[in-house]
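Below is one structure, written out as structure tokens, with a few remarks after it.
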Amino acid sequence: MSRAQLTRTGILRMALGGGADPLLPAEGGGGRRAPFLLRALRIAVVVCLYWFTSIAMVFLNKYLLDSPSLRLDAPLFVTFFQCALTAALCLGLSLGAACGPPCSGLPALRLDPKVSRSVLPLSAVFIGMVTSNNLCLKHVGVAFYNVGRSLTTVFNVLLSYLLLKQTTSLYALLACGVIIGGFWLGVDQEGAEGTLSWTGIFFGILASLCVSLNAIYTKKVLPVVDGSIWRLTFYNNVNACVLFFPLMVLLGEFRTLYHFDKLGSPSFWGMMTLGGVFGFAIGYVTGLQIKFTSPLTHNVSGTAKACAQTVLAVIYFEETKSFLWWTSNLMVLGGSFAYTWVKGLEMRKVQEDPNVKSGERNETGV
């Protein structure tokens, strides 16, 4: 999931941690379970909604960042606008809390400078994450985008060891090795086809690192906002908007916007708004998919979605790829699936072992 991701990873972490999301339907209730066919249909609709939102967001961002017809060289402005829209949507949903369901459970939002300063370290990582994601997408094709930023799992393992002193099993490390092998094979094949962008590769690696750091900092900062993902999302995006201004000035993006011939075009602003709405919505549908399935199923669905996204991109942009190029994608997807499966089995084994302390269970789950 792409700029995906404080709203996106935030709700994901809430779902994984078992916290209640006021926008998601409640489960359980002690009542009778829905018929199997109805549950299966509901799961299928939720998974399709997740796939559609995620894939549409990537294609929309690619258009805004690198479309020959648009010719807008202002990636920070695109990211800034999406952050501003996310903050506005959070505030709007909060103001609508008085209207009753489904917004009645949302917390009231107000800007507290002290809390904003406490969230600032996470906001710096968040800016690095969303900016590097978008810059990677700007410089590489949609078909290669998944491979270009596929090292998130590897950085998760590395940072878990360096920062949390958590070790990883041999099978999980082997899966990471497959991902790294697929990444380097993909880079080699992009070079062989003459479409390699080292700038895109650099930002893809940076995006993978920032996604991992974002998860760690999110966990550290959540107590500052009383564990509220929505407050954290609001503060994070407000901080990001403020921090983006000097960056846009330094890179001359305001000058670029001044000379942009479509700045007054309703269709341009419509696409910008649609991209921001999809970016905000991905967090909700991510949490929805986890609610109706499981974290393991969500990761498997995400891997399958990445495969479908790659195939759609190759067809849409009428590209021809070599056998080894497809092999690199399969290695990345296969390694990601294998890692998810191994960690799922390990987590289940730990949870079923009565001799394991609760703290260790939580670490394994995370």
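Each Cβ is built from the backbone N, Cα and C atoms, and glycine gets one as well.
According to TrEMBL, the protein has these features:
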TRANSMEM  40-64  transmembrane segment
DOMAIN    42-339  domain 'Sugar phosphate transporter'
TRANSMEM  76-98  transmembrane segment
TRANSMEM  119-137  transmembrane segment
TRANSMEM  143-163  transmembrane segment
TRANSMEM  170-187  transmembrane segment
TRANSMEM  199-217  transmembrane segment
TRANSMEM  229-248  transmembrane segment
TRANSMEM  268-288  transmembrane segment
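The transmembrane segment (229-248) makes no contact with the transmembrane segment (143-163), as judged by fewer than three Cβ pairs under 8 Å among residues 6 or more apart in sequence. Averaged over the domain 'Sugar phosphate transporter' (42-339), the predicted model reaches a pLDDT of 89. Contact between the transmembrane segment (268-288) and the transmembrane segment (40-64) holds: at least three of their C-beta pairs are under 8 Å, each pair 6 or more apart in sequence. Recorded stretches compared: 40-64, 76-98, 143-163, 170-187, 199-217; the one with the most Cβ pairs under 8 Å to the transmembrane segment (119-137) is 199-217. The highest tally of CB pairs under 8 A with the transmembrane segment (143-163), across 40-64, 76-98, 170-187, 199-217, is held by 199-217.
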